[in-house]
Amino acid sequence: MPGLGRRAQWLCWWWGLLCSCGPPPLRPPLPVAAAAAGGQLLGAGGSPVRAEQPPPQSSSSGFLYRRLKTHEKREMQKEILSVLGLPHRPRPLHGLQQPQSPVLPQQQQSQQTAREEPPPGRLKSAPLFMLDLYNSLSKDDEEDGVSEGEGLEPESHGRASSSQLKQPSPGAAHSLNRKSLLAPGPGGSASPLTSAQDSAFLNDADMVMSFVNLVEYDKEFSPRQRHHKEFKFNLSQIPEGEAVTAAEFRVYKDCVVGSFKNQTFLISIYQVLQEHQHRDSDLFLLDTRVVWASEEGWLEFDITATSNLWVVTPQHNMGLQLSVVTRDGLHINPRAAGLVGRDGPYDKQPFMVAFFKVSEVHVRTTRSASSRRRQQSRNRSTQSQDVSRGSSASDYNSSELKTACKKHELYVSFQDLGWQDWIIAPKGYAANYCDGECSFPLNAHMNATNHAIVQTLVHLMNPEYVPKPCCAPTKLNAISVLYFDDNSNVILKKYRNMVVRACGCH
């Protein structure tokens with residue numbers, strides 16, 4: 001440093017080392033969840049909190065553990081729910097049940113006969129399909145060199161994969177005038193997003209939501225009522241500002257081995273316009289599929305227009321009806337064509353899935369509200385920073401011994417927060433945070449902006465008026481969270497700016 005002799009520089013270095021030898025502070029002082037859009041670190045490890053503590057003279061990373069107090073945990077849960085855009089903690093009626101003690105064979109047989117609910121720890125068809133979507137997103141992120149969370153593989157317990165139907169023979173494929181039916185099961189199961197159209201739906205959507213069928217019992221077949229199989233879905237819990245970009249109804253088809261084993265079926269899905277007591281309902285044809293009796297897997301029907309109508313005018317939501325006609329023009333019971341209803345296995349239940357994208361007006365309103373909260377937080381933190389602004393040039397001698405600005409590990413555990421009953425995946429994610437000194441000279445690895453370099457020079461000349469540059473995120477990535485809502489519908493939502501990927505001086 002100009003004006004200081006060799007001995008004086010050595011004394012300054014020694015004094016800086018002496019002042020930095022105290023016990024390292026707990027960092028961050030309060031666990032806050034992931035880095036938000038304004039660069040503010042939100043982060044949490046639940047209970048316990050895990051934050052990286054870089055030792056003063058060691059490059060190895062360790063973790064500090066501290067049990068959260070009740071009010072701290074409650075406040076942290078509230079803040080993370082706010083980041084996730086949820087007004088309260090969902091409490092689904094049929095969420096993720098924890099595995100229980102083994103049951104007797106007689107009890108197990110009676111439970112399998114009822115088939116109303118899956119065994120504890122197992123998922124129904126809609127959550128399994130959404131889990132496939134989640135893992136598909138995670139796989140794409142890994143291929144791009146980005147790990148946004150912990151993947152969760154679906155259990156292979158005899159379920160039919162949400163992958164497209166098995167073809168009976170190479171020559172039969174040409175008879176299907178729509179998308180191919182579903183692919184092989186769990187052994188070599190492919191993602192359900194096998195078409196470019198489905199991939200585009202997922203890439204363009206901010207949120208994917210599945211809906212369970214609300215019809216408790218399948219109606220008995222009646223020759224007078226051709227469209228007898230009905231399905232109803234509750235779309236009242238869609239968040240404000242979300243618009244439907246695509247929607248599909250999915251029903252599982254088993255292989256037919258009875259009297260119709262050599263038949264070809266025309267399966268039609270209708271929107272119910274008006275219900276009548278003594279005659280068939282007024283219906284509007286939405287989509288059709290032609291399938292072979294020997295095919296099995298998930299069938300998809302496009303109901304995008306109907307879903308948009310139901311969202312805008314909920315009173316028009318009277319459900320869907322399905323009919324099956326043979327090539328001879330005979331209307332048959334869908335069960336005879338292999339279609340699975342409410343009385344079928346829990347992992348083959350029919351469901352609806354919709355893709356949503358948030359409107360720009362709602363995004364601007366949300367951002368303005370959240371920015372005001374962050375500004376209040378910054379104002380409180382700035383008051384404490386002003387006290388320590390009066391630094392001198394000798395600070396840079398001592399700061400050279402501190403860790404330079406870089407990314408540190410910070411893991412947010414949803415399981416530690418007690419949310420394992422409604423968050424399906426991930427169990428947690430690496431939020432990370434930025435910390436360290438932005439000391440002069442700013443090296444290339446500090447990712448300093450030109451403004452930060454100029455601010456550093458001005459700080460050297462006027463340390464009492466101009467603060468040092470701050471270590472802040474320069475690259476933020478999104479995560480995907482799969483969870484239940486209060487109605488046991490499954491939601492897959494992307495959250496932007498949740499993971500710190502790189503840090504720099506600003």
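Note: Cβ is positioned from N, Cα and C throughout, glycine not excepted.
Note that the structure is predicted; figures quoted are calculated from it, not measured.
Marked as compositional bias 'Low complexity' by Swiss-Prot: 96-112.
Look at Swiss-Prot and you will find 140-153 tagged as compositional bias 'Acidic residues'.
Residues annotated as compositional bias 'Polar residues' in Swiss-Prot: 386-397.
There are 26 other CB atoms within 10 A of the CB of Cys471 (disulfide bond), with all protein chains counted. According to Swiss-Prot, the disulfide bond annotation covers Cys405-Cys471 (among others).
Its Cβ placed at the centre, Cys503 (disulfide bond) has 24 other Cβ atoms within 10 Å. As annotated by Swiss-Prot, disulfide bond applies to Cys434-Cys503 (among others).
Around Cys505 (disulfide bond), taking its Cβ as the centre, 27 other Cβ atoms fall within 10 Å, counting all chains. Residues or ranges marked as disulfide bond by Swiss-Prot on the basis of similarity to another entry: Cys438-Cys505 (among others).
Positions annotated as N-linked glycosylation site by Swiss-Prot, on the basis of sequence analysis: Asn234 (among others). Under a cutoff of 8 A between CB atoms, and with a sequence separation of 6+ in the same chain, the neighbours of Asn234 (N-linked glycosylation site) are Phe211, Leu214, Asn487, Asn489.
Long-range Cβ neighbours of Asn262 (N-linked glycosylation site) (same chain, at least 6 residues apart, Cβ-Cβ under 8 Å): Ala293. Annotated N-linked glycosylation site per Swiss-Prot: Asn262 (among others), in sequence order, evidence recorded as sequence analysis.
Residues annotated as N-linked glycosylation site in Swiss-Prot, with sequence analysis given as evidence: Asn379 (among others).
The N-linked glycosylation site annotation in Swiss-Prot covers Asn397 (among others) and rests on sequence analysis.
If you look up Swiss-Prot, you'll see Asn447 (among others) marked as N-linked glycosylation site.
Taken from Swiss-Prot, the feature region 'Disordered' covers 44-64 (among others).
Summarising the annotation, Swiss-Prot assigns region 'Disordered' to 87-125 (among others).
Look at Swiss-Prot and you will find 139-195 (among others) tagged as region 'Disordered'.
Per Swiss-Prot, the feature region 'Disordered' maps to 366-397 (among others).
Here Swiss-Prot flags 1-20 as signal peptide, drawing on sequence analysis.
Counted within 10 Å of its Cβ, the other Cβ atoms near Cys438 (disulfide bond) come to 23, all protein chains included. In the three-state DSSP reading, Cys471 (disulfide bond) counts as strand. Each of the disulfide-bonded residues Cys405, Cys434 was scored by other CB atoms within 10 A of its CB, and the lowest score goes to Cys434. The secondary structure of Asn262 (N-linked glycosylation site), as reduced to three states from DSSP, is coil rather than helix or strand. Nearest to Cys505 (disulfide bond) in space, judged by Cα atoms and limited to the disulfide-bonded residues Cys405, Cys434, Cys471, is Cys471. Here the Cα atom of Cys434 (disulfide bond) is found 6 Å from that of Cys471 (disulfide bond).
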